[in-house]
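**Q** The structure's right below; bear with me while I get my questions together.
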Amino acid sequence: MCSRRLLLLFSLFSLPMSAPIASPIAAAAQPVAKSVDNAAPHSDGPRSKCLFDEQWRFQLGDVAGAEAAGFDDGAWRTVDLPHDWSIELPRDPKAPTGGAGGFFQNGIGWYRKTLAVDPARAGQRVVLEFEGVYCNAEVFVNGQHTGVKQPYGYVPFSVDLSEAVQAALAAGGAAPQPITVAVRVDNERQPSSRWFTGSGIYRHVWLHTFSPTHIATDDFKLTTTSLSAAEAVLRVEAGVVSATQSAGAVSLDFAVYAPDGAQVAQARAAGELAGAATRARIVADLKIPAPQAWSPDSPSLYRVVAQLRGAQSSGRGGNDTAPNEQVFDLLDEVTVTTGLRTLAWSAERGLLLNGQPIKLNGGNVHHDNGILGAAAFDRAEERKVELMKAAGFNAVRTAHNPHSIAFLNACDRLGLLVLDDMFDGWAEAKTAADYHLHFAEWYARDVEAWIRRDWNHPAVIFWCIGNEVFERGKPEGVAIAKKLAALVRSLDASRPVTSAVNGAWGEEEFWKSLDPFFAELDVGGYNYELASRDTSEREPGRSKFHKLYPRLTHVRDHERVPQRLMVATESFQSEVFANWQATRDHSYVLGDFVWTALDYLGESTIGVTFPPGLKELHHWEHGTLLGWPWPWAGAYCGDIDLTGWRKPVSYYREIVWNGEKAGARKLYMAVQEPPPQPQSGLSGAVPATPPIAAGEAEVPAPEEAWRPTLWAMAPALPLWDWPQSEGKWLTVEVYSRYDSVRLYLNGQLVGEKPTGEAEEFAAQFRVRYAAGELVAAGVQGGEERERFALKTGGPAVALRASVDRDRSTDERSASKASRPTLSADGQDLAFVTIEAVDAAGQWQPWAAQKIDVQVSGAGRLAGLGTGNVRDSLELYTGSACTLFQGRALAVIRAGKTPGPITLRISAPGLGSTELELHAD
């Protein structure tokens, strides 16, 4: 697609202001135009931005001569970006990525694409922008190396095609030869990371055309310096670049549009260009009346339009201009979508957003999109934000690298605060082929590209310069932290600098030795250190549901370093209550980011739970002692699984953090999966259990129950359907913001337990299973206020398919009410949840049939899979998969031709079902 104006999602920051201009920029209210790759720039506008994702030729493997313009790539595959070739390949136990990379394969790949040269581009700058290529990208134009070799796969880079375009125009006249762009991607040396990275051009590519004298979009910064109910002050700092123009005056006209489209501010600022190849810095302050402040609860967005004009001597007469009158020609125009907000921080008051304290209920998220791999489709990135918001989070940490622009745009639009990560490691290696190979040469360039890309997003509130870096306790590590923090602050000092710091597993003296490292940061990032792991003594009076221990680290550190601000940059799921309590009770503790909010590929077995009788071994021990982590593909430690389905711990977190709010969830129930029982003899039969007796007393949980590792919880489901456990004792977990809960089984009271803060808002019951209905009742002041029920279902007999959302407008909905609508842009996605259900339509989790999915019409199947990262070897790019817990997820990608899309799903014993969508 092309847009006549550059649309970037930036944030507003502030300062004072220049005099308003006389006339508004009316064109700013026009909608963005759509077009296709290689479209010529619009003749009525100064700048175009075209999506350059379609019809790339791709070949896996290194190919000699593939950079040449005349190379025959006719036998290569045609792919549309974003593209991740690793997710397409079968996993291999011998893959050099190992368990850290989920046993996915990588290698070397080539991409090629031609650019039609339009005479309208004569005299223009033409730039190709890559949002992200993993990794070690080299770019060739017409067989010549451009000098671009980008090792880090998470930051954007650009290739200037201007000379090649002008040469083609000069040589070809009215029919110039197309330009050939070739990209070599080298992800062969492994392991290059501690998680799944994907391989290829996995983010968007854009083609920009603009005037030689233009606004530098990576030097366009907006800052809200003051904000009140009456007025916001927005400072605009813009770099203007002249490639060819002689010395002369230029001006920037600014207009600001409120969320409802009304123009609310305008200004003009002047600058002077010294000549060709020079840059002018133009600053203006805009006063915005009655601002709508940006926040997670009210993510109001404004648009800022900047028009660059240059003075030209017309020499012409006429009614409008006198001879030799100076005329200001429109040279460039940029539109920015923004949010007005301020940040402040101190140990005394904590983190202030728009002058008000805010606490962070956050989660870590890696950059992959589950069954789509690393491919960064805008809709997939948006869906991650939607899932987190629906689960009650108000913040996310982009572990451990910059995420896509689409992800940050969604955070801005939907209201999710961002702790923006940059590096997992610095100069010391964590894996053989990670960023340590490039750090010394590339860190300054990559940090600058990161900050300039993200500095205008209102959602971004932290710059995080490292994660568990090995140098943290060494003088050289302190020196690097000092250098990185200074570089970040020189680019943007409006946000605090942090780094995620881990200790040495309970060694308090080592932790104290990190004080010089922490001193270089504005906020100390605590990985698993906010709550102590001194397990020698359980805190008296605490429940057995979670382990909380005395003298938590944040208390000890505050006594020693009272001005230090702290945030739990990573925490265990089991620490949710402890970290919530620390955050609530202390201004210097800003919040908690659990590891992780969403499940992810790679770092296999980190979330494993062991059955009774086995010692819980952590993921770094599995390969030596168990022959693991094969065949695991992922971590399985997310609050939300790989397909977007919330685990019970997600509801517990929501109740702990948000249960006090009006209308919030206050009650939830789940049942722990029964641990494997000791087998009797060779038959494997389990001794029969006598039937449940009315009024039978609760039996305590055995000492040898599930044994979760640090990153895991005992497996549980919101389910009362355990046909293999008739008459056996099961553990029922109830999460509640009421004073107490009563538990009923088939109408009989099992018991009542307190669930206040002293019990960490949770209770456990031991109940003998009997089919029927299990009900938890929240009790406040002696009265039952709410009920949560689980019912036993019947056998699975059918399939149900439901789509995630409908992109249709109200007008379209009236005519296609039963057909969810996608944009026919070749990029839009529909996420379809497939469930096995019984005759009454109730989800049946024990269904484990292999389903077949066929898509026809104006779309195609982009991914298919389940939340099972433990033992499934099925390709996510196939058309069949085995149900896991009775569910699967299919992702449909719209084509570029409008029309119906039919999804047909079938499985043995479950029949078939159809879902119709529409691309428009």
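Glycine is treated like the rest: Cβ placed from N, Cα and C.
Here's the feature list from TrEMBL:
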| type | residues | note |
| --- | --- | --- |
| COMPBIAS | 802-814 | compositional bias 'Basic and acidic residues' |
| DOMAIN | 105-208 | domain 'Glycosyl hydrolases family 2 sugar binding' |
| DOMAIN | 213-309 | domain 'Glycoside hydrolase family 2 immunoglobulin-like beta-sandwich' |
| DOMAIN | 350-502 | domain 'Glycoside hydrolase family 2 catalytic' |
| DOMAIN | 727-784 | domain 'DUF4982' |
| DOMAIN | 816-915 | domain 'Glycoside hydrolase family 2' |
| REGION | 801-821 | region 'Disordered' |
| SIGNAL | 1-21 | signal peptide |
**Q** Counting only pairs at least 6 apart in sequence, do the domain 'Glycoside hydrolase family 2' (816-915) and the domain 'Glycoside hydrolase family 2 immunoglobulin-like beta-sandwich' (213-309) share 3+ Cβ pairs under 8 Å?
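**A** Counting Cβ pairs under 8 Å, fewer than 3, so no.
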**Q** Which whole number is the mean pLDDT over the domain 'Glycoside hydrolase family 2 catalytic' (350-502)?
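**A** For the domain 'Glycoside hydrolase family 2 catalytic' (350-502), the model's average pLDDT rounds to 98.
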**Q** Reported in the order helix, strand, coil, what are the DSSP residue counts of the domain 'Glycoside hydrolase family 2 immunoglobulin-like beta-sandwich' (213-309)?
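**A** Helix/strand/coil tally for the domain 'Glycoside hydrolase family 2 immunoglobulin-like beta-sandwich' (213-309): 0 helix, 70 strand, 27 coil.
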**Q** Going by DSSP assignments with H, G and I as helix and E and B as strand, what are the residue counts for the domain 'Glycosyl hydrolases family 2 sugar binding' (105-208)?
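**A** Residue counts for the domain 'Glycosyl hydrolases family 2 sugar binding' (105-208) by secondary structure: 14 helix, 46 strand, 44 coil.
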**Q** According to DSSP, how is the domain 'DUF4982' (727-784) divided among helix, strand and coil residues?
**A** 3 helix, 38 strand, 17 coil
**Q** For the domain 'Glycoside hydrolase family 2' (816-915), what does DSSP give as the number of helix, strand and coil residues?
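**A** Going through the domain 'Glycoside hydrolase family 2' (816-915) residue by residue, I get 0 helix, 53 strand, 47 coil.
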